[in-house]
Amino acid sequence: MECQDSLVSFLSWALMFGGLAYLLQQVRQIPAQYGRYSPAEGPTFPAKLAWFLQEVPAFLVPLVLLLQSPETGARASVSLFAFLLHYFHRSFIFASLTQGRPVPVEIVLFAALFCCLNGFLQGHHLLHCTSDEDTWPPRAHKAVGFLLFLVGMTINIHSDHILRNLRKPGELVYRIPRGGIFELVSGANFLGEIVEWCGYTVVAWSFPAFAFTFFTVCSLGPRAYHHHRCVPVDITKILVHPSDHDNRKPSALSCRDYVQRFEDYPHSRAAIIPFLL
């Protein structure tokens, strides 16, 4: 398959402008309505199925592209391996372990569409728009980027493990996470994923990779800030009086300051960037 330069450029710029628009949207209101911000009404998918359906296209699409053009795989071996590794974990391991709330159908559909397009963009560019003669980035550069990717993935997986063990299956109680990078930031899982994709960008050293990382920062950064500063009102009630609210669905219509609400919340903990933000 020949490199579709115009399509690659279009999708990359779409990620850039889409990320900026998403950033502005989240600054003005509560983030995308999944997880603690899920609405109480409307059709939903169970959390395990939702995460699988929305993440797996980003694994399958570049994998199919690779199987169709195995001779080009060596060009992008490290970059493509990192991308596939992340989405294999998210699709098959994270999705099977998650204990989150049901996810609205429209969120799953939009996320799946995004993963399809981004999976094609990253896979197609890595497999068909790079050359065997490319000498940049050098091997040492790729090694540093891949190490950064692995560090971020480790932070992300460990932080997810901490979050899963905060409550028993079926509980709606929210508790303050402790341990690992959570001692520094409230959004340790988000920070880990951002570090992952920064490492991926260093390895791939391409505009599509940078555009995806930019979109990720615009998506997860504000969400981490909202997690740090804002707890839905009903969740706050559940935390204060859990026995009286075991069967209630938390509302995301309004929220209260996380730091002010919980006396034992670490005031030195940042939202997403240790010691800064």
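Placed from the backbone N, Cα and C atoms, the Cβ positions cover glycine too.
In TrEMBL this protein carries:
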{"type": "TRANSMEM", "residues": "6-24", "note": "transmembrane segment"}
{"type": "DOMAIN", "residues": "102-229", "note": "domain '3-oxo-5-alpha-steroid 4-dehydrogenase C-terminal'"}
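Confidence for the domain '3-oxo-5-alpha-steroid 4-dehydrogenase C-terminal' (102-229), expressed as mean pLDDT, is 87. Residues of the domain '3-oxo-5-alpha-steroid 4-dehydrogenase C-terminal' (102-229) grouped by DSSP class, helix first, strand second and coil last, total 94 helix, 3 strand, 31 coil.
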